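Here is the structure we will look at.
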Amino acid sequence: MNKVCFVVVLVLFVALAAYVSPIEGVPTGGCPLSDSLCAKYCKSHKFGKTGRCTGPNKMKCKCLV
């Protein structure tokens, strides 16, 4: 029973992680380390021409056109 619960929780976690878009609320693009890494992330994935780290702790990369 313990292994079954573990597998169910693991499957739910993977499904939730796959459902969340990488540019919505998930720290991406090098934030909070560097705005230049965020800009490079935006350019390489064609989300915009530049980008910067935003949010309370600069944890979210926001791409700008």
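Note: Cβ is positioned from N, Cα and C throughout, glycine not excepted.
Keep in mind the model is a prediction, meaning the values are calculated, not measured.
The disulfide entry in Swiss-Prot for Cys53 points, among Cys5, Cys31, to Cys31. For Cys42, the cysteine that Swiss-Prot lists as its disulphide partner among Cys5, Cys63 is Cys63. Cα to Cα, Cys61 (disulfide bond) and Cys31 (disulfide bond) are separated by 6 Å. Put simply, Cys38 (disulfide bond) is 8 Å from Cys63 (disulfide bond) when counted between their Cα atoms. Using a 10 Å Cβ-Cβ cutoff, Cys42 (disulfide bond) registers 23 neighbours. Figure note: comparing Cβ neighbours within 10 Å for the disulfide-bonded residues Cys31, Cys61, Cys63, the maximum is reached by Cys61.
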